[in-house]
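Taking it in order: structure first as C-alpha cells, then the write-up.
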Amino acid sequence: MSFVAGVIRRLDETVVNRIAAGEVIQRPANAIKEMTENCLDAKSTNIQVIVREGGLKLIQIQDNGTGIRKEDLDIVCERFTTSKLQTFEDLAMISTYGFRGEALASISHVAHVTITTKTADGKCAYRASYSDGKLQAPPKPCAGNQGTLITVEDLFYNIITRKKALKNPSEEYGKILEVVGRYSIHNSGISFSVKKQGETVSDVRTLPNATTVDNIRSIFGNAVSRELIEVGCEDKTLAFKMNGYISNANYSVKKCIFLLFINHRLVESAALKKAIEAVYAAYLPKNTHPFLYLILEISPQNVDVNVHPTKHEVHFLHEESILERVQQHIESKLLGSNSSRMYFTQTLLPGLAGPSGEAVKSTTGIASSSTSGSGDKVHAYQMVRTDSRDQKLDAFMQPVSRRLPSQPQDPVPGNRTEGSPEKAMQKDQEISELPAPMEAAADSASLERESVIGASEVVAPQRHPSSPGSSRKRHPEDSDVEMMENDSRKEMTAACYPRRRIINLTSVLSLQEEINDRGHETLREMLRNHTFVGCVNPQWALAQHQTKLYLLNTTKLSEELFYQILIYDFANFGVLRLPEPAPLFDFAMLALDSPESGWTEEDGPKEGLAEYIVEFLKKKAKMLADYFSVEIDEEGNLIGLPLLIDSYVPPLEGLPIFILRLATEVNWDEEECFESLSKECAVFYSIRKQYILEESALSGQQSDMPGSPSKPWKWTVEHIIYKAFRSHLLPPKHFTEDGNVLQLANLPDLCKVFERC
C-alpha cells in the first residue's frame, strides 16, 4: 500500500482571516472588550453599549471620542491597520490597549459591521459598512455626534458551530456585563452604560464623577463596598507599583472576584490569585474567597503584551519577586483583621424552615405529643415558650391620664344619629386635649367619635380578615352601589355595622386586587401569630414568632394598615367629630409656617395660599365626606375625620400638614385620586416618631395616676395597632426586602453560639 504525499496549498486569504477572527473573537463579550478598549484609546468619556440576544443578534457601542478620519475609513477594518504602532520596537513602550489592528478586522469577518463616525473638525459624520474586512461602498455623509458608533449584527453568522455553542443569550449577556463592569471600575472618570435593546433601564450604569468605590458599589453591591481596604505599594528596584482595593476579613463569597489590571490592561494571573488566596486562607472560612481589585504598573519594557490573541495574558520580568512583594503587602494589611468581626442584620422571609428542615414545636405541641405516645424528643432550641393567644392584664388598663392626641379616652355615650339608619350602633368618644398646634385653630380641646353610615354611591366590599386563610375578593354585583345587611365582621374597624355599602367601582376594585397581588402570605402568617415583645421607640418594635425574634417598622406597617383599611372599607367609615368647627385657614397657615411645607417667598403670600387651600377643599367637601368621612362645612371648617380603628385617634399634630397635602399632593383630576388620597390619609394616621411625646414631657401629669402606663403611646402600639396587624394587615412582598421586617435572632442559631438555651 502506497501513501501519496499531500499537496501543500496556500490558503485563501478569506479562510485565513476567518480562522484568525475565531481566535480573537471567541464570544460577544470579546468583541465588546475589544471595541471598549478602542473607545478608551480614543479618549472617550461616555461609552454606551446596547445588545440584543446576548450580543449575537446586535451589538451597538457608541462613544464621544476623537472619531475616525474619513480618509481612514477605507482600511479601518483591514488586518494589521492601527494608529498606535509603527515598528516592532514600539511594543516595548506601548501604553494603549490596542496595538495589532486585529479587533475590528476580526469582527468584520464574522459579522456585519457598520461604522458611523465624526471627528472634531469634521463638518458631518460618515457611515460605512464592512464585510470580511472590506469596505462595501464609499462612506456616506450623515448627521451624527462627535465620536464613533459601531453596529455589529448577526455575530458568527458564517460560523454555524460557534453560533450553536453560544446558544444561551442570558449567559452571554452576563459575561458582557462582567467585562464592562470591570472596565467601568478601572476607569472611574468615564461613564459606562449597558442595556438590552428596547429596555429603558441600564443593567450597568456608572457616572463620570463617581469614584472607584462608588463604581464597585454600583457593580457588586454595598456588601463589598463597605468592607474594602485600600492597598498600595511600590518597589523601584523591581520597577513596579501596585494599588487597588481588597475586601477585609468580614467579607467572603463562594467564588473569588479578581479584577487585575497590568498597565491598565484587563488580564488574568493564576499565580497572583493563588498567592493572595493563600494569605486569605488564615482569615476566611473554608471554601470562601475574597474580592480583589488590583492595579499593577510595571515598566513597559519589562512586560510582553503580545502573548495571547485575546490579550488576556501578559508576561513580565521578575514575576516571582513581584508576586511575593504583593503578597507580603496584602498580608500586612490584613494583619489583625481576625481580632473582630462585624455582622449586619438582613431581611429574611419570616417563617421559612431552617436549614435542617425541622419543624418548630411549641410547648402545647409537646404536651399533645406526649399524651399521644409519639415519643418524639423535643430539644430546648425547638421549644416555643410563648403563645400568641395569651392576653396581658394591661390590655384592660387603658390609660386614663392626660394622654397624647393619639390616645382616646373611655367612650362617652352620645345621641347623635344623623346620616345613620342604625341608632343602636352609634358611639361617641372624646379626647381630653388637642396638641399645641391645634390650639391656634380651635379653642375646644375635645373630639367626639360618631359612627356614621352614609347611604350614597360607591362603597367598600365586605371582607373577613379574621377568618384563617381567607383572602380578599371582589364581589360580583352588577350595580356600582348596593347595601348589605348583617355584615359578619366583628373586628376592630369602624365599618363593623349591620348595614354596609358594597363597592363595584373599577378604580377601587383594582386597588383591592393590587393589594391582594402584592401580599406576602408568610409575612401575614407571622403577623397573625406573633407575640408582641416591646417597643424600642415609637418607630420600631420587637415581636416573636415561633423561635425567631423580629424588628418591625411600626411606622411603615401602620401606614400600610391604614391604607388597606381605607381601600377595603371605602365609604364605610365612622366619624371622629369635632364638637366645635376648626378653621381650615388656620390649619393651612400653621402648615405653611412649618419647614416641612417647603414654602418659599416665590410661592406667594401664605395668606393667599391658605385661602386657595380652603376654597379648593370646600369644592371637594362632598366627595371627602361621602367616601372618606372627612367633613368640611360651608364656612371652610373641619368638623370630622374618619374613624378607621376602634379606640384610635390619629396624631393630631400632623393635621395641618395633612390639610396642606390634601390640596397639593392628591391627584384630584386623575384616575389615581382614590389611591393618592388614601395614601395621604394613611400617612396622617400612622404612628410617627416626631409626634410622640417623650416620657419626660408627661411624667409630671402621669406621676399621680397609679396603675396607668408610663407611656400611653406604648399601650396604643401594643394593644391597638399590633392587635389590628393580626387581623387586618396583608403585608406586601417588598417588606421582606426593604428592611421594614428584620430577623434579629433565631433560637437554634443562638444555641449554637452559646451552647445552651
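Placed from the backbone N, Cα and C atoms, the Cβ positions cover glycine too.
Among the ranges 337-340, 473-476, 545-548, 605-608, the one that Swiss-Prot lists as motif 'Nuclear localization signal' is 473-476.
Considering other CB atoms within 10 Å as the measure, the emptiest surroundings among the modified residues LYS33, LYS241 are those of LYS241. A simple way to gauge crowding: the CB of ASN38 (ATP binding site) has 22 other CB atoms within 10 angstroms, across all the protein chains here.
Between LYS33 (N6-acetyllysine) and ALA103 (ATP binding site), the C-alpha separation comes to 9 Å. Predicted-model confidence for the motif 'Nuclear localization signal' (473-476) is 38, expressed as mean pLDDT. Counting in whole angstrom, ASN38 (ATP binding site) lies 25 from LYS241 (N6-acetyllysine) by their C-alpha atoms.
Between ALA103 (ATP binding site) and LYS241 (N6-acetyllysine), the C-alpha separation comes to 29 Å.
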